[in-house]
Each structure stands twice: as structure tokens, then as C-alpha cells.
């Protein structure tokens, strides 16, 4: 370890101990040196004994900075890793940190724009940030070319080395988990960290976020349900992103929405429809839809429209996963647990040798209590959560896109019920899912598939005569080969029959000669000639078998 890594490790240990997180170390022989070592650090007492363990963990992660905050947020979606009281606290982690100097942001913008001063591209650039988070911060300005108000998102300077150093330490901790916890290997901690690393590195590339926002905006162009601000891609780079400034009511400000006369029932239902439209129609969904990233337009409160920002994290599902997911939801709410278990095996989410009966029983045991509630009170997100947690006990592979989907669904559901507590998510989603599944089979699906494949067949059409000729020629050669093999097999069969016949005669002569030699000595040389003849015939038959 480098001196810098040692200092950082010391700071992390000191922070964990000051919040009493040594309680998380399991009491076993392997951890005895760790526990004894903790007692030797008597000058680092637990300074927060009045707080519960989950809250202490959350505060410690916030103190450690952006990498650990985001790691905690991601872990909050993996409720198979922690008890509910800890997972609930991790879900409260806020990605808000002190802003960095606006002059540094200005220098980064000028570097990204080829060294020209900010004033060459923007008017009214505000040196004070509008918002600040762990990875980037946002400044307001006005485009010089057309006078439109924009926000400029800038990556924090020197954030990458900090992230890389902390990730190394997190990887080291992850490698210890299978040794410290009896169930540690099944939890695949290294895969969890690898998944987190990919998400974090993606967030550092603002060109990727720009592309995501452009795609989402195109998907919901002219939609009354969702508006994505325009991205000015000519001004975007890996460290800087420029997009339209929006004005809206934060979705968490229920009082302001009600004051504006917003149709809260329609707004809540539209949130559900937006989510399922992204997942099943577009196969491309905003995977960071927490309340801080969602606003509601001031205009047309009777026909409310969401505004989505911060498209750094997105997810996608392939056709097979979408179909299995939709069928899983419908089977779940029909309480067809056998179907759910079979779908998991068919999809490859769990190993093919999984015992379907045992899996069905495990799902039933976990989920039946949920369905004792009225459907309107059942959490779609928690159903999915229980399903995945149960499947992981049967060695379900970590599916990053499904984890993102589960997290997003929990956000959507939480926001929807905050806006309209009577929201029946299943009643809103079921017609959409049934319509989508119906659209995937029958004549409409066949017509769509033919339409999708038409360009391919048009391109291949001129090659078809040649392909047919080649196939016929290969078929002719194949027939010759088959005939040749058949003849050889026939010859071999005849040869084998002859050899078996000769071996039988040889053995008979040999046995007859032996019998006569013992019982009829008066026959003279005859038994001997029979035995010699038997050996000769047997040898001839044996040679034919080779």
C-alpha cells in the first residue's frame, strides 16, 4: 500500500470506530485478532452510543465522502445483505456535499471549450453553484448564441484519484466477506463492488449522460407525461454538460403541488405509466428517479407533466428479460408460484438444475403473507425485492439491470404513494403488462417481426439463387458421401458376419478335437487334425475382424 492509501485507511478505520461500527465484526475465531486489536485502540471510542446501528452506519458513510455515500445508496437496494433497519437507513443517504470553488469550475469549463474564456460562449455565468453533489456541481448561465437559459454541469476536479483509491479499499474489504460470514460466498461481494464501480465510472463521463438524456428526450417527444430538458451537445465534453434550464415544482413538495391545483391522482398514475413505458416499450429507463431528480411542470396542473433530470444512470432489458419479468409480475399477482419458479429456470436467472418444487415452496413461504393485504396496499417493489432475495438463495446470478429496475420501481412507488396514498399500482400497471404480453404473440408480433427483418431479406434476396445452387451441390456431395459410407458399412457388416461364422467353426473344431483326444484315443491322429484345423479357421476369422 502507498502512504496515501495507508492514511486513507487510517481515516476510514478511525471513522468506523468513532461510530461504533466494530459491532458489525462477527464473533468468530477468525476475527479474534481484529476484535483484540480494536480494544487496543482505546483512544478511538464510540462517540455515538445514543444512536442505533443503522443510523451510525449512515452517518459514517456520509462522513467518508462521495464514494461511500453512493456505495451505501446502492447497498440499500440489496436488502438480502442487511437487516431492514440498516437498509432503511442506507436509503436515507443524501448525495449532497459542500460545493467546490466556482473559479475551479470556471477554469474547467474554459479548458473543455478549448481555452477560450467562459464569456466567449456564455453570458451571465454564475460563479456560485446552483447545486452540488458528490461527483459534479451545476452552474447557471445563458447561451451567447441564442440567449437561452442553461445549466452547466461540471465534474469535480481531481475526483478520479479519490474514487480509485477508495474502490481499491472497498475491493479489499469485499474479499474478506466470504471468510468472515457463513453466507458470504453466496452474496458475491466482489461482484457487488464491480457492479458499483461500473456505475460510478459511467457517472464520471458526462458525454454518456448527454447521450442518455438525448435518447430519453426522443422517446418521450411530445408526451404529456414526461419532459426531458434539451441537451446542447455542441457544448458537451467528458467533464462538462450543458442543458436547458427548467423551472418546476420538486415532486417531494406536496404542499406546493396542491397549492398549484395539481391533479395528484393523475400525477401518481402517470409516474407508474412512465416507468412501465420506459421499461417495456423503450427498453431504456431512467434508473435514478429519486425525488431530487424529478420535478413537475407549473403549467397545466389539471394535466400534470413530470420533468426528469440527471440521466447519468440508465438501465435496459433485452426482449427475453422483459417477457419473463412481465409474466413474473402477472403470475405473482395471480399467486401462481409454480409459474414464477418455472419462469426463473427458463430465463436462466437461476441454474437449470434448480429444484422447481423447493423453489416454488420458498417463494410461497416468503410471498403469501404479502398477499394477505388488499392489492392497493401491496408494494410492487417489495414483491420484486422478495422474489430476488429468495432467488439468490437458489444461486441466482447478480443481474445488474434487474437490480437497477428494482431500485427504480421502489422510487416510483414511494413517490406515487407520497403524492396519492390511495394509489393502486397493480390496477394501474396490470392493463399495461397484459396488453404488452398480448402484443408479443400472435399476428401483430409476427407482422412486426417480418417488418423488422424485411431489410435483411431484401439485402440477401440477390444471393438466394447462388445459395440454393450451393445447397443443392452440397446436398449432392452429401448424398455421395452417405452412399459411400453406406456401402462401407455394408461391406463391414458382411465381413463381420463372415468372421463370426469362421470363429464359430474354428471354436467348434477345436473343442471337438479336444473331446475326441480325451475320450477316443483309438481314433489316432484325427482329433489332432481337427484341433489344428480349428486353430487355422479361428485365426482366419480373427484376421477378418481387424
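Glycine residues also receive a Cβ, built from the backbone N, Cα and C atoms like all the rest.
Summary of the site annotation: Swiss-Prot records ATP binding at 130, 131, 132, 133, 134, 135, 136, 137, 138. Screening the candidates 106, 153, 168 against this entry identifies 153 as the one listed for that site. The separation of residue 288 (active site, proton acceptor) from residue 134 (ATP binding site), Cα to Cα, is 15 Å. Residue 130 (ATP binding site) and residue 288 (active site, proton acceptor) have their C-alpha atoms 20 Å apart, to the nearest angstrom. Each of the binding-site residues 130, 136, 138 was scored by how many other Cβ atoms lie within 10 Å of its Cβ, and the smallest score goes to 130. Of the binding-site residues 132, 134, 134 has the largest number of other Cβ atoms within 10 Å of its own Cβ. Under DSSP, residue 288 (active site, proton acceptor) is assigned to coil, being neither helix nor strand in the three-state scheme. Maximum intra-site Cα distance, ATP binding residues 130, 131, 132, 133, 134, 135, 136, 137, 138, 153: 14 Å.
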